């Protein structure tokens with residue numbers, strides 16, 4: 001007779017490889033169920049393959065003919081600018097493909113320091129620090145800066161990277177209603193017991209195209225002794241008279257404490273993000289921000305492209321000035337046709353449709369007519385608020401914009417979105 005429970009172990013013994021296969025089969029079943037649920041809800045996100053450079057005119061795999069691109073963050077059209085490309089090639093030749101290191105070991109080159117200094121000058125701040133992306137900048141900031149003694153007050157529609165970054169910190173968390181200054185004031189009053197109070201907001205909200213009321217936010221922050229943080233990914237390079245962003249547009253550059261933004265949209269479109277603000281804060285981030293400490297340095301070619309993009313922007317504001325008229329042309333024509341366009345005076349122009357399947361099907365039919373746009377639905381936007389987000393670029397022509405509107409009208413009528 002076998003001792004103890006050995007006989008039970010023998011009875012239920014399964015070879016290790018078979019147990020692993022069983023676990024994998026279980027995982028596959030769970031994942032397939034999740035994926036089928038996404039498809040069934042009409043929120044499946046497919047990835048179109050572009051076979052050309054980024055720009056207003058592109059080629060898409062499986063689609064014949066040229067395509068007009070109205071869904072890129074390439075606001076200034078600099079991603080394919082010849083001087084930007086040449087600067088990237090020059091940096092690649094001079095500094096190599098990459099650093100194979102994090103910044104504090106052997107991953108800092110002169111071009112990294114030069115770009116950080118240039119970013120600080122551009123935003124009129126004391127210092128700046130580069131990250132692989134603005135998602136990383138947001139992930140690194142709050143945890144390094146805020147302690148359990150502090151509080152962060154966040155707009156409910158802030159970008160996912162801000163929300164995720166705030167989740168990582170140990171500060172007390174308050175969420176105020178979108179753009180609701182009365183609610184923000186109530187939350188600031190409630191947060192008076194904490195050491196530091198940081199108001200966190202997008203400058204321009206990426207899904208709605210609306211702009212934070214920075215003057216009111218800064219006024220409340222001053223009244224209640226709070227700091228102001230702003231994510232400028234959808235503003236840097238093209239909002240404000242010289243493209244400095246939302247704080248320049250609204251005349252509060254000296255009142256916003258911290259700015260996070262990206263090199264991956266208007267400033268060349270490659271990748272990279274940054275924080276700019278007080279010198280001691282940037283120094284602390286170099287010591288404490290985990291995405292900075294544990295991620296490889298930005299590749300030299302990316303740094304070279306972004307640096308040249310900033311040079312072009314600081315040298316002339318002609319490109320910036322062309323944005324407003326083109327944005328207004330699209331918005332006014334679409335609204336005259338009967339569409340509802342969210343936001344105001346921003347090149348992000350969300351065509352509000354409500355139904356996820358409708359947004360997806362209309363986007364597919366737009367592509368058949370040579371217009372590349374994307375339908376956005378839950379969880380990227382709230383349920384019942386699906387939309388097609390159109391983004392205007394400085395390099396779109398008036399003819400491009402008119403062609404896009406004509407296609408929307410045709411497809412809208414086809415799907416019953418217009419009478």
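We number each residue from 1, going along the chain as drawn.
Heads up, the Cβ atoms here are built off N, Cα and C, so glycines get one too.
What Swiss-Prot lists as transit peptide is 1-21.
For residue 45 (N6-succinyllysine), applying a Cβ distance below 8 Å and a minimum sequence separation of six or more within one chain yields no residues. Here Swiss-Prot flags 45 (among others) as N6-succinyllysine, drawing on similarity to another entry.
What Swiss-Prot records for 45 (among others) is N6-acetyllysine. DSSP classifies residue 45 (N6-succinyllysine) as coil under the three-state reduction.
Under the three-state DSSP scheme, residue 134 (pyridoxal 5'-phosphate binding site) falls in the helix class. Within its own chain, residue 134 (pyridoxal 5'-phosphate binding site) has 161, 231, 233, 260, 261, 262, 264, 273, 274 as residues 6 or more apart in sequence whose C-beta sits under 8 angstroms from its own. Feature annotation from Swiss-Prot assigns pyridoxal 5'-phosphate binding site to 134, 135, 206, 262, 263, 264, 265, 295, 296.
Marked as substrate binding site by Swiss-Prot: 159, 389. All protein chains considered, the CB of residue 159 (substrate binding site) has 21 other CB atoms within 10 Å. DSSP assigns residue 159 (substrate binding site) to coil, not to a helix or a strand.
Marked as N6-succinyllysine by Swiss-Prot on the basis of similarity to another entry: 187 (among others). Taking Cβ-Cβ distances under 8 Å and a sequence gap of 6 or more within the same chain, the neighbours of residue 187 (N6-succinyllysine) are 153, 174, 175, 176. Under DSSP, residue 187 (N6-succinyllysine) is assigned to a helix (H, G or I) in the three-state scheme.
The feature N6-acetyllysine is assigned by Swiss-Prot to 187 (among others).
According to Swiss-Prot, the feature N6-(pyridoxal phosphate)lysine maps to 265. There are 25 other Cβ atoms within 10 Å of the Cβ belonging to residue 265 (pyridoxal 5'-phosphate binding site). Annotation note: residue 265 (pyridoxal 5'-phosphate binding site) sits in a coil segment as assigned by DSSP.
Residues or ranges marked as N6-succinyllysine by Swiss-Prot: 326 (among others). There are 19 other CB atoms within 10 A of the CB of residue 326 (N6-succinyllysine), with all protein chains counted. According to DSSP, residue 326 (N6-succinyllysine) is assigned to a helical segment.
Summarising the annotation, Swiss-Prot assigns N6-succinyllysine to 368 (among others). If you draw a 10 Å sphere around the CB of residue 368 (N6-succinyllysine), it holds 10 other CB atoms from the protein chains shown.
Among the features that Swiss-Prot reports, N6-succinyllysine is placed at 383 (among others), with the record citing similarity to another entry. Contacts of residue 383 (N6-succinyllysine) defined by a Cβ separation under 8 A and a same-chain sequence distance of 6+ are given as none.
Residues or ranges marked as N6-acetyllysine by Swiss-Prot on the basis of similarity to another entry: 383 (among others). Look at residue 383 (N6-succinyllysine): DSSP puts it in coil.
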Checklist entry - If you draw a 10 Å sphere around the Cβ of residue 263 (pyridoxal 5'-phosphate binding site), how many other Cβ atoms fall inside it, taking every protein chain shown into account? => result 30
Item to check | Cα proximity to residue 159 (substrate binding site), best match among binding-site residues 206, 263, 265 | outcome: 206
Checklist outcome for this item: All chains considered, the count of other Cβ atoms within 10 Å of the Cβ of residue 389 (substrate binding site) is 23
Checklist entry - In DSSP terms, helix, strand or coil for residue 296 (pyridoxal 5'-phosphate binding site)? => result strand
